[in-house]
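Features as listed in TrEMBL:
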TRANSMEM  73-91  transmembrane segment
TRANSMEM  103-121  transmembrane segment
TRANSMEM  133-154  transmembrane segment
TRANSMEM  166-185  transmembrane segment
TRANSMEM  266-284  transmembrane segment
TRANSMEM  296-318  transmembrane segment
TRANSMEM  330-354  transmembrane segment
TRANSMEM  360-382  transmembrane segment
TRANSMEM  389-411  transmembrane segment
TRANSMEM  423-447  transmembrane segment
Amino acid sequence: MLEWKKISGLLCIFGFVRELRPSEPYITEFLAGPWRNVTEDELNRQVYPMGTYSYLAQLIVVFLITDFLLYKPLIITIGVTGIIVWSMLLWTTSLEALMTLEFFYGTYMAAEVAYYTYIYAKVDKKYYPRVTSHTRAAIFAGKLVASLMAQALLYFDLMDYRDLNYITLGAQIVATLWAFTLPPVHQSLYFHRKVNNQEVPALKSTDSLERSSCEDGKSQTSDTTTDKFQFNSVTNIVTKTPIGAKLLWQHFTNAYTNLKVVQWSIWYAVGLCGYLQVISYVQLMWKDIEPNPDVSWNGAVDAAFTALAALFALFAGYIHAGRLQSHTSLLVLAALSMLEGGTVLMICWTYNIYVSYAGYILFGAIYGFIITVAGAEVARYLEEESFGLVFGINTMLALIFQTILTLVVISENGFALSTKGQFTVYAFYFIAVGIVYFIAVISEYFYKKFRKNVD
């Protein structure tokens, strides 16, 4: 077997097992049930927001140290924090403990960046598209199996909401042990690069590298190595900046001085923000519509949501590859964003739980299409090595937007809206984004047409 396939397979098994969390489609039912002394309002205004704040705060730290620590320790951290989270869910009952485990859940989610970027440090660039699709497919498959498992176990009355957490805990233990089998990373994109076939220490500066290169006879002039790390637009950086930091800054400036990257990155972040907010609180919305269902179909709905999102993502990748121009993609996504807002209104403006379920499934399908196109458009204008950096920053931007939205809409220091009111805001959030981008695209079209006529 080719080495890259072996590494991809090992990582995908980890991703699949990590996603075997059948308790998640029913987490609100469990937390608001007889096993814990927590109200739905406390979940809405204290517990779930804490997860959002923790995720953002820790993503900033994790994002900065993942490359430096060579990925694998962070992947192991995912499993360890998963064990902590589900152990606390099973064997604690207080609100304070629940708030504490949300901190660890933030670590659990933030460290996920290592899962997605590890593969880029282990395989050749030409395999990037394939391994990216493999790692994401593993995530989808794990979620699908977990959702179907949860629904079957509950429907046939083999387990209750609390028991599902034991399966999730077991999966996190297996994932942790499996993480130790992953091949270690010996070089990374930024802080452990190889220059002239030699590994450059993470904190070695460009002028010291320059001197050592001269001494080894591998550089004819002292400018050769320095030029390799010079910036196109930022030339006043001191030469003693660590090489990894300089290259990281170079990729950052090259990406975000491109207006197309900025345009699509904002779209990506705004879309991800809305998506995270909807999936984080939708179970509370369903609990509000149907407080005591005879049979909760959350697992089946989550399975359909995951399957359609994956199919529409594949469809988006197929029709986007060389078939859609950038402005056409924007028009399509603007229309779909408004439609996405309509599906969120289906979720909250109904007293029929099945209509709400249908709205959520359609929301997932549209989001799968939109985020794939937005991601592909961002990648179109990037250097291959900066994929992980840019998508990490865009995810961080999405979490900043989500934190602001949470503070304004949910927090007691904000508007403290009801669950239905929150989802109404999210619906018009998507509609407003679609309208803004639609107007921007049409304005740009007529402006270019006007300039052409004038010329």
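The count begins at 1 with the first shown residue.
A Cβ is built for glycine as well, from the same backbone N, Cα and C atoms used for every other residue.
Worth saying up front: this structure is predicted, and the values here are computed from it rather than measured.
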- Task: For the transmembrane segment (133-154) and the transmembrane segment (296-318), decide whether they are in contact, meaning at least 3 CB pairs lie under 8 A, counting pairs 6 or more apart in sequence.
- Result: yes
- Query: Other than its close neighbours in sequence, what residues sit by the transmembrane segment (103-121), given a CB gap under 8 Å and a spacing of at least six beyond its ends?
  - Reply: 7-8, 11, 14-15, 18, 50-51, 53-59, 61-63, 66-67, 70-72, 74-75, 77-78, 81-82, 84-85, 88, 128, 131-132, 135, 182, 185, 187-189, 385, 387-388, 391-392, 395
- Query: Between the transmembrane segment (423-447) and the transmembrane segment (360-382), do 3 or more CB pairs sit under 8 angstroms, pairs being 6 or more residues apart?
  - Reply: no
- Message: How about long-range neighbours of the transmembrane segment (73-91): same chain, 6 or more residues beyond its ends, C-beta under 8 Å?
- Response: 14, 18, 23, 30, 62, 65-66, 97-98, 100-101, 104-105, 107-108, 111-115, 118, 162, 165-166, 168-169, 172-173, 175-180, 182
- Task: Sort out for me which stretch, of 266-284, 296-318, 389-411, 423-447, has the most Cβ pairs below 8 angstroms to the transmembrane segment (330-354).
- Result: 423-447
- Region pair the transmembrane segment (423-447) / the transmembrane segment (296-318), three or more CB pairs under 8 Å: no
- So what's near the transmembrane segment (266-284) in sequence-distant terms, Cβ-Cβ under 8 Å and 6+ beyond its ends? 25-29, 40, 43-44, 48, 51-52, 298, 330, 333, 337, 340, 344, 347, 360, 363, 367, 370-371, 374-375, 378, 391, 394-395, 397-399, 401-402, 405-406, 419, 422-423, 426, 429-430, 433, 437
- Message: Which sequence-distant residues neighbour the transmembrane segment (296-318)? Criterion: at least 6 residues beyond either end, Cβ under 8 Å.
- Response: 22, 24-26, 29, 136-137, 140, 143-144, 147-152, 154, 283, 286, 357, 360-361, 363-373, 376
